[in-house]
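Everything below concerns the one structure shown next.
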Amino acid sequence: MTKKQAIKRKVKEPEPTNEQSSASEPSDNEEDDDLLQAVKDPGEDTTDDEGIDQEYQSDSSEDLEFESDEEGNYLGRKANNEAEGDAEEDEDDDEEEDEDSDEASEDNDDAEEEKPSSSMTAAVQTKVEPIIQIIPRDPSKPEYEDSDTSDEEDIRNTVGNIPMHWYDEYKHIGYDWDAKKIVKPPKGDQIDDFLRKIEDPNFWRTVKDPQTGQEVLLTDEDIALIKRVNSGRIPNAEHDEYAPWIEWFTSEVEKMPIKNVPDHKRSFLPSVSEKKKVSRMVHALKMGWMKTTEEVEREKQKKRGPKFYMLWETDTGRESMRRIHDPVSAPKRDLPGHAESYNPPPEYLFDEKETKEWLKQKDEPHKRKLHFMPQKFKSLREVPAYSRYLRERFLRCLDLYLCPRAKRVKLNIDAEYLIPKLPSPRDLQPFPTVESLVYRGHTDLVRSVSVEPKGEYMASGSDDKTVKIWEIATGRCIRTIETNDVVRCVAWCPNAKLSIIAVATGSRLLLINPKVGDKLLIKKTDDLLAASPSLDVIDNERIKTAVQWSNAEPEEQEKGVRVVITHFKPIRQVTWHGRGDYLATVMPEGANRSALIHQLSKRRSQIPFSKSKGLIQCVLFHPVKPCFFVATQHNIRIYDLVKQELIKKLLTNSKWISGMSIHPKGDNLLVSTYDKKMLWFDLDLSTKPYQTMRLHRNAVRSVAFHLRYPLFASGSDDQAVIVSHGMVYNDLLQNPLIVPLKKLQTHEKRDEFGVLDVSWHPVQPWVFSTGADCTIRLYT
């Protein structure tokens with residue numbers, strides 16, 4: 001039997017008492033006794049001086065064998081010689097260890113309880129490695145019960161960490177692991193909560209789970225944990241916060257040298273190599289080969305030269321430095337022209353009109369085209385001395401030494417670069433391009449035209465004192481209504497439920513039922529206009545003297561005239577409100593009563609302004625807001641009819657305003673002037689024109705926006721109707737797009753008049769124009 005088998009059997013057998021062990025198992029030889037002293041008793045403490053359990057194992061997977069030398073010291077070495085012989089024995093030993101592992105563990109525990117005495121040192125013992133016992137996990141308990149991980153939480157609601165108030169409007173509160181809705185539990189009212197407070201003894205420890213909405217009963221451990229947290233103590237009651245401190249690592253810094261080798265004896269003797277080096281340097285100094293530091297500095301100073309320097313780079317540039325840098329020569333005077341000759345051609349001499357204009361600008365000489373008046377002499381000897389010679393020489397000297405001179409780089413900018421890039425007109429269709437119909441029947445100037453809201457009929461007014469109703473599709477004149485004066489303006493009511501035409505003729509405003517279209521609509525209009533006015537409204541004297549309401553005479557009733565509103569001055573313009581109940585008239589000669597607002601349903605009139613801010617040309621209602629636009633000769637004022645105050649004043653910078661039209665959205669205004677301009681105002685942007693368009697050669701008399709398409713048209717005395725694209729975007733950061741599309745010029749000019757009015761079809765992209773040639777033209 002080998003030594004290892006004997007040691008293992010010693011471990012397996014129960015350990016006897018001290019007396020029995022010493023008597024029954026005497027040591028066989030001295031080697032076994034020394035082996036017991038070398039091997040540490042497994043019953044002793046296996047911790048090091050720091051308190052950490054130490055597990056003694058072999059240096060490698062092979063076994064260690066202990067031998068003793070002559071002095072009794074035991075050495076461990078690998079059993080290389082007996083590796084083959086012990087291989088079979090090791091296999092048997094492993095089988096025996098597996099069978100008797102339980103008995104060995106019990107014997108090991110007994111050995112720890114009873115330490116061997118001195119008599120037991122003779123017994124052969126062996127070092128037994130500690131056996132690690134794996135305790136199986138209880139499946140009924142969570143794997144991470146005592147840890148902080150959240151992977152094993154009992155999560156019923158799988159919505160995640162989101163605000164649960166997102167589910168307040170739903171009947172469910174989330175989804176379970178089967179993707180089914182978790183229905184909210186029924187909620188009680190305040191009475192149920194009050195009864196639970198009284199009857200339920202566990203009400204105070206019941207909380208609501210926000211994930212599932214269920215009520216959870218807190219255990220005693222939960223309540224104790226909450227109390228400890230509220231009191232500021234450690235949540236775990238088993239934790240000892242005053243446990244003795246174990247200093248696993250020392251806090252004392254031990255300063256020890258890296259090497260502690262004593263100095264050599266030759267380190268105390270002077271260096272021989274340094275002695276030779278110094279002797280060579282002394283010899284070089286004596287021979288002049290080596291220079292001292294002072295000599296080196298003196299040589300460097302000689303190489304640097306003197307410290308003073310020249311004020312200028314070169315002697316030749318001294319004079320140029322004294323002068324002005326880059327002098328600019330004085331501009332030369334303009335050479336005399338033909339007008340300054342003593343005998344100029346006749347076309348350069350002033351006539352009486354030019355002479356008066358030149359003398360009129362005496363106080364503003366800078367506005368004169370020439371600073372002198374050309375004169376003609378027969379011969380050079382007749383030319384007198386120049387009277388302005390000294391003054392011009394003096395002004396020239398002032399310009400030379402008082403006016404600063406500078407060189408300006410001339411920018412060569414291509415003209416095409418300044419022109420904005422506009423889309424092609426082909427991409428902006430549809431818009432009218434050709435003349436389709438010509439409506440003939442009037443015998444004098446056709447001043448105004450208006451289209452029915454449905455787009456089937458059209459009304460026109462002329463200087464021949466007639467109003468004509470036209471069928472648009474066929475060009476046939478359905479009815480002609482004669483008036484007693486020149487028709488300045490006609491306006492069809494924009495309300496499609498009424499069939500009314502407002503005609504301004506002289507100082508009378510006629511409300512006419514044209515009797516075209518639906519018969520029920522015609523009857524409804526007659527019933528509305530035949531209703532007697534209310535008597536509870538009392539007009540003041542100022543209104544009574546300005547306007548009077550009356551029913552039409554029987555002769556006019558047959559023509560279709562229903563109501564006559566008589567004004568105290570000639571009417572120039574009439575316009576409707578978008579709902580068709582209010583209409584406004586303009587009398588330029590009416591001073592502070594130039595503009596009047598009439599209400600059709602109550603048959604009453606109002607004077608909105610008590611003072612005249614200028615000669616009113618035209619008025620306009622806002623399509624959406626309760627605002628009123630009033631255009632004078634130079635400016636446009638916007639009033640709030642509800643608050644009765646001025647909102648904004650638009651500056652046109654023009655001589656005379658002829659008309660205006662507002663965009664259907666109400667944010668942009670188009671103004672026409674007699675000085676050949678069209679002004680586009682962005683009401684949200686500024687009080688000054690956003691864009692000024694000079695498309696016509698003569699006065700622009702009328703402008704109009706289309707109700708549906710991004711189109712607007714203008715008519716001028718140059719017999720042209722110009723159709724343009726005007727897109728207004730909902731994005732406030734994007735400017736309107738204005739593109740001229742087509743110039744339609746088919747009217748004839750008579751008495752310096754051309755196109756007098758333009759109007760759009762309410763549905764189709766068609767435009768109507770009236771002219772001085774007594775015609776109405778349709779462009780499609």
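Including glycine, each Cβ sits where the backbone N, Cα and C put it.
Under the heading compositional bias 'Basic residues', Swiss-Prot lists 1-11.
Taken from Swiss-Prot, the feature region 'Disordered' covers 1-155.
Feature annotation from Swiss-Prot assigns compositional bias 'Polar residues' to 17-26.
What Swiss-Prot lists as compositional bias 'Acidic residues' is 44-53 (among others).
Here Swiss-Prot flags 60-72 (among others) as compositional bias 'Acidic residues'.
The compositional bias 'Acidic residues' annotation in Swiss-Prot covers 83-113 (among others).
As annotated by Swiss-Prot, compositional bias 'Acidic residues' applies to 145-154 (among others).
According to Swiss-Prot, the repeat 'WD 2' annotation covers 484-522. The list of residues near the repeat 'WD 2' (484-522) in space but at least 6 beyond its ends in sequence, with Cβ under 8 angstroms from a Cβ of it, reads 447-454, 456-457, 459-463, 465-467, 469, 478, 528-529, 552, 556, 559-581, 583, 585, 587, 598, 600.
Feature annotation from Swiss-Prot assigns repeat 'WD 3' to 566-608. Among residues of the same chain six or more beyond the repeat 'WD 3' (566-608), those with a C-beta under 8 A of the stretch's C-beta atoms are 488-495, 497-498, 500, 502-509, 511, 528, 533-534, 537, 539, 542-543, 545-550, 615-621, 623-624, 628, 630, 639, 641.
A Cβ distance under 8 Å defines the sequence-distant neighbours of the repeat 'WD 5' (652-691), meaning residues of its chain 6+ beyond its ends; these are 617-618, 620, 622-625, 629, 631-636, 638, 697-705, 707-708, 712, 714, 716, 726, 728, 732, 735-736, 738. The annotation repeat 'WD 5' is assigned in Swiss-Prot to 652-691.
For the repeat 'WD 6' (695-734), the predicted model reports an average pLDDT of 92. The repeat 'WD 6' annotation in Swiss-Prot covers 695-734.
For the repeat 'WD 5' (652-691), residue counts in helix, strand and coil come to 0 helix, 18 strand, 22 coil, using DSSP.
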